[in-house]
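Here the structure is laid out as structure tokens; the discussion comes afterwards.
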């Protein structure tokens, strides 16, 4: 009796493609590990019949056992015939033989199936999927398979024999691949066991498995072949790159023809879609046309594949019947429109997938950081932040994350994927039809516009370059210039944020802006681990670690990290202050400074505490307030300036001006010997020498007291100041441009002059919201508000005493050092603070005023005594009558 044989079919779940060898993997982790090492260590299973003496798991139905032999890591197995090879190069050459034999050959009548020798129960036998004949060796099996291929060169691949109904799942994007050939066990009945022929084999239930491995990201259609997938993708892009030949095979394999293949070599089978893509352009065209013909009509000849597919309703041309069916369904059922964004989709499945994006459902999880994304495309774009190199690299130097764009780009190269010597593709040339990636997408910071000098802006553009007429930037291609003028100088903002309604010029800017609403910060700093929402902000932040300031002012030498900050700084040199406060008239050269200034007039600050009615100008002050007052914890303070921060990370980011002032001054002026703390200040100081002239010398400013504070003391008379009131004739004052009309004092900026004028006008535009006391400057109000909050951020490092104002700490330090820098010019007595000197100077003023009053009184008494002595003398009657009115007018009493 012939025992019913078992069929074992191996299913492999594939979802991801390796960009180097086109190997398919079932998970993203596997393809990433494979691409890092690119050592094709693949494990497949061979199913055979166990020896009688081997203990194996028995099948309850047949009682026979199956064993599984794993392929060693140093061996490579062909997925077509199961042959084991020792190196990747041998595997490639072996698979090339399969591909070369796929070409249609002359029709040869099918040879009768040779009678196989008696089968042994301890060996693996190979079954023909067409006639069910069994063979003991691969050579006999492949030779027999070749007879079927010669007889029907355009016949569709034989369906896979399945013992049970096939259930394809999971759904979209995860196809199951059935290996074409299966291994059957031989009968163990006796010596007379014969091999069943094609006629004697009973008809079994067969199921054809359609392999749909490639999914279009635009319309969600599935395709079986990469070529069909790429042709379909070309319909979505305006200017696809024309097809060219794929990387060719090795020269010795190309030179050989199918007739020259030795008989001992295994004959080819139709290559599975998960094998290496090693076909040349001609073989691809033949195979694609044959497969299309088989899909259209399995009984027609191959010439039917070239029939053009037109829609009868709109006369639109399609590349495949699948696309035509999708299009016809849109005529019957209509299109599917999203109710939220009005986007149109060709199928309900693509609309459902799109609605999942609106519902913020995240099905794709990043294995590195745990972030979830709604689509696989967003996940792959996110993984660029974790991988130093993109997933797909080309020998010409370009890298791609999208597989479709990489395959399109690879077609532009010649044989072997090497750039053509006649028309090399530069690495920076963008592919036509794909937009240039934005800075937030590529991870590279957007290069701010460098300062353009008059010489470069006035000169003509270099040959082969294109210059923008608005900003004088030069580009190597006209397409880059057009894109620059469109996105940089265009005032229209078409892209709107769906949450807050803010408009943007680019979609990438909207995506970066949306992260401010979601709180996502997927780009951490490798130095301090602070996360950012865009690569451009990360690159700008990293300049704080490196200390690099690439944008330098040509007037004063001050350097900046951003070109926008440099442009605003130039307004200071140009004395251009376009932003004026309507309350007090103070002008600013930056709009945000005017905004911060106006908060002091209203008394309402933007950051309000939820637990108390207090409000603050800065978020940092609010966080410190909540930490100290409501949480009862101590903040992190800067040891140099005493500023408080809610976390140690914010303290490390703090750039202390007091520490910079206390740093040793290493830059010395060669003209006057003055030392400054930076090269920019030295350059500005030398520019002041050049403006003063060769014969003039700049006056050296004393370290303390500062000139603005010393001039605030009202002096009764010039004599009280002595020699300190006049300047030395050998040291003329520094030239300054703005003069006060009241006291003739000079200032360098308009803001300083505006603040000084409040002394004469009595204006105090900064009231305290707690007690109502007003101040002339916002810094005075900030120091005053610490008296209400009880905050004392400035602590003495010697005794630990804390102060609310930094000036009080500086005065307190002189107690420990014994320094008394403020001396009275009248008596020579010295004091630690200027306020004590000011109080002492008042006593001298009072003494001086008392002495003046005494001198005036003595003078008046002397005048009255002289009048009285004159009145004692005897006068004639007429003269006496004339004197009386004069005496009464003078207030002198005449006795007698």
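A Cβ is built for glycine as well, from the same backbone N, Cα and C atoms used for every other residue.
Keep in mind the model is a prediction, meaning the values are calculated, not measured.
Per Swiss-Prot, the features are as follows:
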type	residues	note
COMPBIAS	247-257	compositional bias 'Polar residues'
COMPBIAS	707-732	compositional bias 'Low complexity'
MOD_RES	113	phosphoserine
MOD_RES	164	phosphoserine
MOD_RES	298	phosphoserine
MOD_RES	717	phosphoserine
MOD_RES	724	phosphothreonine
MOD_RES	728	phosphoserine
REGION	239-301	region 'Disordered'
REGION	434-460	region 'Disordered'
REGION	687-733	region 'Disordered'
ZN_FING	16-38	zinc finger
ZN_FING	76-98	zinc finger
ZN_FING	336-358	zinc finger
ZN_FING	364-386	zinc finger
ZN_FING	495-517	zinc finger
ZN_FING	551-573	zinc finger
ZN_FING	579-601	zinc finger
ZN_FING	607-630	zinc finger
ZN_FING	636-659	zinc finger
ZN_FING	667-689	zinc finger
ZN_FING	738-760	zinc finger
ZN_FING	822-844	zinc finger
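Outside the zinc finger (607-630) by six or more residues, the chain places 596, 599, 644-646, 650, 769, 789, 791 with a CB less than 8 A from a CB of the stretch. Per DSSP, the secondary structure of the zinc finger (579-601) breaks down as 11 helix, 4 strand, 8 coil. In terms of DSSP secondary structure, the zinc finger (551-573) contains 11 helix, 4 strand, 8 coil. Across the zinc finger (579-601), the model assigns an average pLDDT of 82. Under DSSP, the residues of the zinc finger (495-517) split into helix, strand and coil as follows: 11 helix, 4 strand, 8 coil.
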